[in-house]
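S.K.: TrEMBL lists A:6-24, A:31-52, A:166-187, A:207-232, A:244-266, A:272-292, A:429-451, A:472-491, A:533-550, A:596-618, A:679-700, A:774-795 (among others) with the feature transmembrane segment. The domain 'NADH-Ubiquinone oxidoreductase (complex I) chain 5 N-terminal' feature in TrEMBL is assigned to A:64-111. The domain 'NADH:quinone oxidoreductase/Mrp antiporter transmembrane' annotation in TrEMBL covers A:128-417. Residues or ranges marked as domain 'MrpA C-terminal/MbhD' in TrEMBL: A:638-702. The domain 'MrpA C-terminal/MbhE' annotation in TrEMBL covers A:713-792.
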Amino acid sequence: MTPVYFIFLPLIFALFVPLLFKKLPQLHTGWFVLAAPVILAIYYASFIPASMHGETVISSFSWIPSLDIAISSYLDGLSLLFSLLITGIGALVVLYSIFYLDKNREQLHNFYVYLLMFMSAMLGVVQSDHLISLYFFWELTSISSFLLIGYWYTRDRSRFGAMKSMLITVFGGLMMLGGFILLYVMGGTYSIRELIVLAPELAVHDFFLWSLILILLGAFTKSAQFPFYIWLPDAMEAPTPVSAYLHSATMVKAGLYLVARFTPIFAVSSVWVWLVTGIGLLTMTWASFFALRQRDLKGILAFSTVSQLGLIMSLLGVAAVAFHVEDAAGTVFKYASFAAIFHLINHATFKGSLFMVTGIIDHETGTRDIRKLGGLMSVMPISFTLAVIGSLSMAGLPPFNGFLSKEMFFSAMLSLTEFDVFSFDTWGILFPVIAWIGSVFTFIYSFYFVFNTFAGDYKPDLLPKRANEAPIGMLISPAVLAALVVILFFIPNLLAEWFIKPAVIAIQPFLYESPEQVDIHVAAWHGWYSTELYMTLGVYLVGGLMYWQLHKWQKIYNVFSDTYSLNGLYDAMIYFSDAGMNRLSRLYMTGFIRSYLVYMFGFLVLITLGTLAITDAFALDFTGTSPIRAYEVIIGLVLVAGTITILMAKSRLTAIIALGAVGYTVALFFVIFRAPDLALTQLVIETISVALFLLAFYHLPQLSRHEERMPFRIGNALIAAGVGVTMALVAFSAHSQKSIESISEYYKETVYSEAAGGNIVNVILVDYRGFDTLFEITVLGIAAIAIISMIRLRLTRKENPHEK
Amino acid sequence: MEIVMSVLVGFLFMAAVYLMLSKSLLRIIIGTAVLSHGAHLLLLTMGGFGGTKPPVVAYGVTEAEYADPLPQALILTAIVISFAVTSFFLVLAYRAYQELGTDNVNLMRGTEDYD
């Protein structure tokens, strides 16, 4: 069994979930589901020793061979790290959900099928080496996330959140597909590894920048970067295990994975560096600032997730800078990708545990509103401990792993000030400053989150339920994660050896060739003379002071209106595309036949005259025309007179008779232009037509009362004149530019010898081109049947179910 | 003569379009009838009026003297088809009038809030 088949293991499990849920109601389905991530985590852990030495495993099977599309699994340091995060945290989340979701009240089979589907999709995303299969799994994560957010589908907010996240992430996904296709056009291969080898050639291609921007759009929407982060706070309507798993630890990191994976291709571009670093930092500071506005615990965590994702994103941007530096391995830039991966792991641990603690609070008190909570410290001591560990790590305090990554983050940002390509020497100073401000707010909201919930006054009368400590089973998963938070602080270098260094060479292959060459040693203590230390101390000092005075200045958030925000913009966009487009289509879909005819004739004139003008096709040539004879002119005048009579007729009867006159005149034309069969047919048919007209309107006596001359309308006349002139011009040009001889010579020569007939027209109709006649007979037959059924068939309105 | 006929065809088209843009169903049908007359004459004109004899084999007539038989065959087919369609239209209009009590197409839009 090659690793590629293991991607589908959760999906295979998912097949049995509904069956188990129905047949074994006494067993919580989660226990069965738990086996999938545990098996996978153990399986992927077995690759760690190989990965530590820079070995990679590639396996694939063909999906659509003719289009060169395959499902592939490429396990290098980066994808192995993500796979372990997905399965490891997946196992903890499933365990947590067993105690969180009630097996009697919830539709567990739906939940676990979606969750397993998501797990497969996510493994596919991080392991795919093939662009198209990467996109396939990417959209599968969007869809399963949509299903999970809308899990409680009877709630409006859930459906709204699911829809919003779907629209935004699928938009990004489609953009990304465009970027992938451009990459394929440029490189001629779908394989990411081969594209990385081709990177220098791609960089000079015209599509390079487009592909870069489109792929970044995909990454930014998925990883909730500015301004696409708005879906994430609304996705908090999902059950808490889902928020912990998808919207903090795994799916939102798919965008980070994408950026990390494509860094070797795009790092050469300054646009990439600026966008990834700049948007990342902006997102970090913006979201950490607005986190303090939230009242819902999960809302705070959602903004904090956005902020932390921005932090990691900016570090990945700095990692790309290293590509542009001579001898980068000797500079501090090499820290960037290391710090990004390190913080990615740290964030997964502490944010996962914080979400689970929030779920516990919600579960035990019945609310997540921070204004109602407080003083839970003594009631829920274990949850409090876990929350403190998570929050202080998030704030960047020792002895938790967040401290280490925050120090490295400052180092990386400071290094930008020393860099003099892309005018970083002018603007570079902004980066550490913005990063520092973002960190101060991170510090404040971390304290806000934990102390406004657990410290202060206990308000039992505000709580829907009497608060209790959670059952032990629910505490296992957050406890494991919190333990990791502390352990990782003390053994960062072991973590580095196992996971981070193999991942770093995947991001920065231009710096290192094997994990052994990554000579980074993490230390908690940099000595007294490092700027990072003073920046951190400043964060603690300013953050602490501001948290102390939070109740005084938190009111400034009321200044920011909901209408003029990114959410307001999104709502307006949705409203416009729904109501606005509806109004637009009502504007031109008037329901009047006249309007549609005006569109059709108008475009006919525009397109035909435009083509005539552009191709310079107009011609008027009198050579080869037949002479004009007196009786032809007279008949022509009669025709014109008849037509004008139709137009001017006061009564419909006059119009019908004038129409008959026009028809007989046409028959006369057929006579003088030597077409006896036509003349005969025309005479007969015109007679029948006029009789039909008269018959039809003989039965409508009321009409005569309303009869009046057709009012002259200048708009209609202009369009009519346009069509008439166009047709005349086309007729002139066509007649004046005959290119080939008629085929009729053949008919004339062979009509007697081959077909044994004298009347050439009739022989054409029944012999040379008999099929035309067959179907013309069919048309007549259909018309006759239709007329009969229309007259005879009388379904009254009551019998018709569609009418009222 | 072909040029004159082209102008005449253009005039027929103009009248037909003008009639089709009116709001009376009967006038719209008359317009389609005029339009088909225009189309038939256009077909005939584009074939050219070269021959001096009808396309029927006769003694003493050379092949070059026959009028072009192909457009005539095409027109004959077109006449029959347009006749079928026109009569269907007519009965349709007649029935629509019987059911709806109007021949004003502007009133045949369904209700305003019909979606």
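Any Cβ shown, glycine's included, is placed from N, Cα and C.
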S.K.: Most CB pairs under 8 Å with the transmembrane segment (A:6-24): which of A:31-52, A:244-266, A:596-618, A:774-795?
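M.R.: Answer, by Cβ pair count: A:31-52.
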S.K.: With helix taken as DSSP H, G or I, strand as E or B and everything else coil, how many residues of the domain 'MrpA C-terminal/MbhD' (A:638-702) land in each class?
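M.R.: Taking the domain 'MrpA C-terminal/MbhD' (A:638-702) as a whole: 55 helix, 0 strand, 10 coil.
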S.K.: If you count every Cβ pair below 8 Å, which range out of A:166-187, A:596-618, A:679-700 shares the most with the transmembrane segment (A:207-232)?
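M.R.: So the stretch in question is A:166-187.
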S.K.: Find the average pLDDT over the domain 'NADH-Ubiquinone oxidoreductase (complex I) chain 5 N-terminal' (A:64-111) in the predicted model and report it.
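M.R.: PLDDT averaged over the stretch: 90.
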S.K.: What same-chain residues lie close to the transmembrane segment (A:679-700): Cβ under 8 Å, and 6 or more beyond its ends?
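M.R.: Residues packing against the transmembrane segment (A:679-700) from afar: 652-653, 656-657, 659-660, 663-664, 666-668, 670-671.
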S.K.: Same chain only, please: residues at least 6 beyond the ends of the transmembrane segment (A:596-618) with a C-beta under 8 Å from a C-beta of the stretch. Say none if there are none.
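M.R.: Contacts with the transmembrane segment (A:596-618): 588, 715, 719-720, 722-723, 726, 729-730, 732-733, 737.
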S.K.: Over the span of the domain 'NADH-Ubiquinone oxidoreductase (complex I) chain 5 N-terminal' (A:64-111), count residues by DSSP class, listing helix, strand and coil in order.
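M.R.: For that range the per-state counts are 31 helix, 8 strand, 9 coil.
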